[in-house]
Amino acid sequence: MAEPTQPLLTDSNSSSPRSLDDTIESYIGSFGWAQFLQAALVSFSGVFDAQQTFISVFTDSEPTWHCTDSNSICHESISNICILPKTAWSWDYSPHVSVISEWGLQCAGSFVKGLPESSFFVGCLIGGLVLSTLADSSLGRKNMLFLSCLVMAISTMLTVFSPNIWVYAVLRFVNGFGRATIGTCALVLSTELVGKKWRGRVGIMSFFGFMLGFLSLPLMAYMNRGSSWRILYAWTSIPTIIYCVLVRFFVCESPRWLFVRGRREEAISILKRVASIPSTDVSSGGAISMSFSSLPFEEDEEKPSTNVNIFTTMKVLVEKRWALKRLSAVMAIAFGIGLVYYGMPLALSNLDFNIYLSAAFNALMDLPANLITLFLVDKLSRRNALIGFTALGGVSSVLIFALHNMRIGNHGALQLALELISYFSACSAFNMEMIYTIELFPTCVRNSAIAMARQALVLGGVFSPIMVAAGRKNAFWSFGLFGLAIGLLGLFAVGLPETRGSDLCDTMDEEECKDRRSKVAVNNVIA
């Protein structure tokens, strides 16, 4: 799997200095089994991330019911059980199958019913803002991933013992707070362990993990049908705790981050562990130390590395005009994607499909989205692919609204097909956007930039339930706005530079110089 690479010492007299990216790849190779196993283990966190993101679709749903007295006013045409006496109807299953039936919330307001899910997404937003910079500053990628998974696992287990809706909502908030940085850390850590040729493909691995987690939920929920919703939380918490142990003892920290933070000896030790090419220089470590000590940026970064404020990276992103422009664009695009990504599964109830099958179909859409992104990531420009996916998702969503207004017979199958296309487009656009964001920002702020993009995605998830509720009366407020948002906001990619095949930069100055060189090259071509 590894590609032969010449040792760095053979180029020691070269006039053109190597970047940290080239130097690391010269020693460990582009891709090897050690790097693959590391990336696979890190990417598996997406399984537990997805389970906690979508678990409320089943645990917080309103169960089906039936009339118990055929001679009373109760009959099948009545959709609101709150107008019926309690003796006239009964749940089809035990009241413990859902939080709605167990705590008697069937007649509560929409705010109370949606409080746990809203609390989860609010926790994701706050957790992303508070924790995102820690992976770039003090904790690093590995420790942040471990702590995030641990908080999520413990809060999931404690949720099993929730006595009421209020405690349940608080624990869901804590769960979202811990979960907020898992996807970001997994994506950055897995891609920083491999060479640039394989970076796009490895980035897709974390998305496959998320797909498996989403796909496992309908199966687990179906097996748990008729049983307590607490069992579903227990089933998802125990494997997460085991995974935390594996991360703590078997995952390596990013050598790129360690070098940028001035922790050279730790970085060299990790390089020797994950090296995919046989080399006496790698095994000894001496030549590596000499080569990395010659990198000019490391000397600048090493001094302040112990006094970095956790919000320094956010300040740097805002102060640099080019960085702020890029960050604003990727966040706007992510918000549009988030509306569709989280909104479409929630809106399935508006299409009146079986909850287990519809969720499974949506989870399966992640597979073609990941496969297509995997094969196109090295063939199409990041910018054009992102615009294309968002446009396709927008058109499909608007067509659902159009079909709804036509009121033709048997249009449910067409609506479902368009819904799946729209969700598939959102998944593909999300995959491409994350890879694009990795390449748009240097190492010193990369984790924070991706975290902000994911925050915008989650913000779309906060608004989507409100739009879905409004769409039950008028489909424009759900499917219509979903389509317009993702389609129009996707056009922000027009102003971003193309990054396919380019080297990853490590400092803001290095990225700025590369941007200036590309602009000069474009001007020369035009002239």
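Using the three backbone atoms N, Cα and C, a Cβ is placed for every residue, glycine included.
V194 (ATP binding site) falls outside any helix or strand according to DSSP and counts as coil. Around V194 (ATP binding site), taking its Cβ as the centre, 26 other Cβ atoms fall within 10 Å, counting all chains. According to Swiss-Prot, the feature ATP binding site maps to S190, T191, E192, L193, V194, G195, K196, K197.
For 1-27 (among others), the entry in Swiss-Prot reads topological domain 'Cytoplasmic', with the evidence type sequence analysis.
Under the heading topological domain 'Extracellular', Swiss-Prot lists 49-119 (among others). Across the topological domain 'Extracellular' (49-119), the prediction's mean pLDDT works out to 81.
Per Swiss-Prot, topological domain 'Cytoplasmic' is recorded for 141-149 (among others), and the stated evidence type is sequence analysis. Each residue in the topological domain 'Cytoplasmic' (141-149) gets a DSSP state, and the totals come to 9 helix, 0 strand, 0 coil.
For 196-201 (among others), the entry in Swiss-Prot reads topological domain 'Cytoplasmic', with the evidence type sequence analysis.
Counting residues 6+ beyond its ends, the topological domain 'Extracellular' (223-230) has Cβ neighbours under 8 Å at 58-59, 93-94, 96-99, 102, 159-162 in the same chain. According to Swiss-Prot, the feature topological domain 'Extracellular' maps to 223-230 (among others).
Per Swiss-Prot, the feature topological domain 'Cytoplasmic' maps to 252-326 (among others).
The feature topological domain 'Extracellular' is assigned by Swiss-Prot to 348-356 (among others), with sequence analysis given as support.
Look at Swiss-Prot and you will find 378-385 (among others) tagged as topological domain 'Cytoplasmic'. Long-range contacts of the topological domain 'Cytoplasmic' (378-385) within its own chain (CB-CB distance under 8 A, at least 6 residues past either end) are made by residues 200-201, 428, 432, 435-436, 439, 493-494, 496-501.
Under the heading topological domain 'Extracellular', Swiss-Prot lists 407-415 (among others).
Under 8 Å from some Cβ of the topological domain 'Cytoplasmic' (437-448) lie the Cβ atoms of residues 20, 132-133, 135-136, 141, 184-185, 187-188, 191-192, 199, 203, 256-257, 260, 301, 313-314, 316-317, 323, 326-327, 330, 382, 496-497, 499-500, 502, 504-508, 510-511, all in the same chain and six or more residues away from its ends. According to Swiss-Prot, the topological domain 'Cytoplasmic' annotation covers 437-448 (among others), on the basis of sequence analysis.
Among the features that Swiss-Prot reports, topological domain 'Extracellular' is placed at 470-475 (among others).
Annotation source Swiss-Prot lists topological domain 'Cytoplasmic' at 497-527 (among others).
For 28-48 (among others), the entry in Swiss-Prot reads transmembrane segment, with the evidence type sequence analysis.
Per Swiss-Prot, the feature transmembrane segment maps to 120-140 (among others).
Taken from Swiss-Prot, the feature transmembrane segment covers 150-170 (among others), and the record attributes it to sequence analysis.
Two recorded stretches are said to be in contact when at least 3 C-beta pairs lie under 8 angstroms, sequence spacing 6 or more; the transmembrane segment (449-469) and the transmembrane segment (327-347) meet this definition. Other Cβ atoms within 10 Å of the Cβ of K197 (ATP binding site), summed over all protein chains shown, number 13. When Cβ distances are compared across the two stretches, the transmembrane segment (476-496) makes no contact with the transmembrane segment (357-377), since fewer than 3 pairs at least 6 residues apart fall below 8 angstroms. The transmembrane segment (150-170) is in contact with the transmembrane segment (177-195), judged by 3+ CB-CB distances under 8 Å for residue pairs 6 or more apart in sequence.
Within the chain carrying the topological domain 'Extracellular' (348-356), a Cβ under 8 angstroms from the stretch's Cβ atoms is held by residues 57-58, 61, 218, 221-222, 362, 412, 415-416, 419, 468, 471-472, 475, 478, all 6 or more beyond its ends. In this chain, the transmembrane segment (231-251) does not touch the transmembrane segment (357-377); fewer than three CB pairs sit within less than 8 A of each other, excluding pairs fewer than 6 residues apart. Helix first, then strand, then coil: DSSP counts for the topological domain 'Cytoplasmic' (378-385) stand at 4 helix, 0 strand, 4 coil.
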